[in-house]
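Trainee: Sequence annotations record features per position, and here Swiss-Prot assigns active site, tele-phosphohistidine intermediate to His11. Summarising the annotation, Swiss-Prot assigns active site, proton donor/acceptor to Glu89. Here Swiss-Prot flags 10-17, 23-24, Arg62, 89-92, Lys100, 116-117, 185-186 as substrate binding site. The site 'Transition state stabilizer' annotation in Swiss-Prot covers His184, and the record cites sequence analysis as its basis.
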Amino acid sequence: MAVTKLVLVRHGESQWNNENRFTGWYDVDLSEKGVGEAKAAGKLLKDEGFSFDFAYTSVLKRAIHTLWNVLDELDQAWLPVEKSWKLNERHYGALQGLNKAETAEKYGDEQVKQWRRGFAVTPPELTKDDERYPGHDPRYAKLTDAELPQTESLALTIDRVVPYWNDTILPRVKSGERVIVAAHGNSLRALVKYLDNLGEEEILELNIPTGVPLVYEFDENFKPIKRYYLGNADEIAAKAAAVANQGKAK
């Protein structure tokens, strides 16, 4: 029986990843390193024999440009793509733009770990008159007030990612199409938690590295039977550890 596969990839390193700043819905681009990571992910997928029928990404350019570079390496730049805000990074509220290590020095490592990785913990929220509030951004003009976040926990991120998975992405996977999703650390953590039924403590320790393809294999009932990264295991572990350490005081 043919195994159904799904590929997830977190965007390559962004300019604010490089500066160790909380990014959330702020629309920063890839760093030079991030472009290289995205191209390397595409080459790795090509070398492993992957090709796709459809792609999904967020409305943030670090994920969009990652997908562009991946598909370019696969010689599939023509692939149909759907962009949705529901795949955006978790909204980090008033933390957006702040340096993570400096924030940890001010509030403590454990508080920042909870803000970054806690399941139901929300960072301090933005006010609606703050220029960072997404209601001021034309790409979100059709969203209702209830849909526009002032801050988000991982639990709230799950509330938008999982219905999008079930209603939009999964039916395409079930139809036999080969799908790739280029998104963000926390929108992908939300999906992994749901697919693998991870507990709150397990998801607290899950860190997804930038620019590394994550492959899911599903059984005939579309239940996950295997999840694995493509690439060198030691390098991937080091990248995941670096993600975990971003929120610690220096």
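Just so you know, glycine gets a Cβ as well, placed from its N, Cα and C.
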Trainee: Just to verify a number: CA distance, Gly24 (substrate binding site) to the residue listed as 'active site, proton donor/acceptor', in angstrom, no decimals.
Mentor: 5
Trainee: Within 10 Å of the Cβ of Gly185 (substrate binding site), how many other Cβ atoms can you find? Include all protein chains, please.
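Mentor: A count of 21.
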Trainee: Using a 10 Å radius around its CB, how many other CB atoms surround Gly24 (substrate binding site)?
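Mentor: Result for Gly24 (substrate binding site): 27 other Cβ atoms within 10 Å.
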Trainee: Among the recorded positions listed here, Arg10, His11, Arg90, Lys100, His184, which has the most company in the form of other Cβ atoms within 10 Å of its Cβ?
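Mentor: Buried the deepest by this measure is His11.
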Trainee: Could you state the CA-to-CA distance between Glu13 (substrate binding site) and Glu89 (active site, proton donor/acceptor) to the nearest Å?
Mentor: 14
Trainee: According to DSSP, which kind of secondary structure is Lys100 (substrate binding site) found in, if we only use helix, strand and coil?
Mentor: helix
Trainee: Same chain only, sequence gap of 6 or more: which residues have a CB within under 8 Å of the CB of Trp16 (substrate binding site)?
Mentor: Phe22, Thr23, Tyr26, Val28, Gly97
